[in-house]
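See below for the structure under consideration.
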């Protein structure tokens, strides 16, 4: 039995989908369930192992579509500059280095090699470019050996990619990809040819030899959904819903507009064993919508995309009147609204302090607002920090995001006993905040009148302290958090997998 989790790409700045997958990979390791995480995008800018290891995958859990047909394993880069130069004859004249880029020149020949290093302080090469008479002719990509080459031809003074070759460990070519205007058109093996990426993905899916003891979990489907659906019918198929799944504004009594990332999956819900959402509230909404707008009544299970190992008490005591938020400092997080609300509430509660954790593009705007209101003494930007032991030093958590599919920081905050104040929006806030019990849900409207928002948040901050309900709310936060303990989520996954495989 193997659980195959299918995604497209991964990068250094991963999205919530990759973090959810990495968390799931850890769950499957703890449950001793055999699992593979499949990435189907062409990923060459970095060795994929560096990206997957960075977020928490084990190498043996990762399958990359393009080297699956070779015997090369997922492994960190260990090829050196000297190893690279062995692929390229000629007598070296000199080298030029700029950060992670090393250029090697040769005597009496109009050619040079540019090595792109893993780290400017290490001699390890991720990929190399070979230039001859001013033209880029080849790029090689390395992990513990060369795994791919790209070939270029000059056209209108531009290097045009016309072929990729993937190798076995011993350097023998396994297959070529013939390119046309940057698009993969033909996959040429010694004994077979595939036309187009869908045919290539289908061959990959067939090579897994799926059966009813296997589970395929589809995280993203763009460009591959139909093939995965068709080939996964010999196994069990689950689909993860990672975001808001429909457009509220374009939905009426007779018609629903699904999020286009889920349209194919929902339209073909009869081919799916079960859907996975991360909150009970989204589960309820989706069940109602399937019943109302479709002929399908699929199984939908709620499994959170994160958990907390234990509840965290305040060992050093909490700082009185202390507020905290933690997120990317991005426009959609609306930290500026929180800053203005705290400035307003501070007029009534002068002991208030507000610490903001995270970094991002709104940093300078927030500093400007704080400075303009002479609020530096009680509102501070703290940058990045390991927050697990920090939440419990504070009394209240604030969030102004108008869309939070789950909200890992909200979960972590209640796990440290913090009451929360946030908008009454799906799905994270409605999951972690029980209005009046462990915080407050503030009504949200689409026009977002800033002054009204500021006043509403300030009023709730003051109400929380003036009604002297901190202790009761703290206890209720801990109570909600118990449902998100790691042991609970492990049990949910265990039960879900057992049910589907013994169905």
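Each Cβ is built from the backbone N, Cα and C atoms, and glycine gets one as well.
Values in this document were obtained by computation on a predicted structure and should not be read as measured data.
Swiss-Prot annotates 16, 17, 18, 19, 328, 333, 384, 385, 408, 409, 410, 411, 412 as UDP-binding residues; of 358, 361, 436, 439, the candidate listed for that same site is 358.
Site annotation for N-acetyl-D-glucosamine in Swiss-Prot covers 242, 404, 405, 406, 407, and the matching candidate from 169, 332, 471 is 332. Per the record's binding annotation for UDP, residues 16, 17, 18, 19, 328, 333, 358, 384, 385, 408, 409, 410, 411, 412 show a top Cα-Cα distance of 22 Å. With respect to their backbone Cα atoms, residue 328 (UDP binding site) and residue 407 (N-acetyl-D-glucosamine binding site) stand 12 Å from each other. A separation of roughly 16 Å, to the nearest angstrom, links the Cα atoms of residue 409 (UDP binding site) and residue 242 (N-acetyl-D-glucosamine binding site).
Ranking the binding-site residues 16, 18, 358, 385 by the distance of their Cα atoms from the Cα of residue 406 (N-acetyl-D-glucosamine binding site) places 16 first.
Each residue contributes its Cα atom, and for residue 404 (N-acetyl-D-glucosamine binding site) and residue 385 (UDP binding site) those atoms are 21 Å apart. Summarised by DSSP class, the composition of the region 'N-terminus R-fold-1' (1-78) is 29 helix, 13 strand, 36 coil. Scoring each of the binding-site residues (16, 358, 405, 407) by how many neighbouring Cβ atoms lie within 10 Å, the top position goes to 407.
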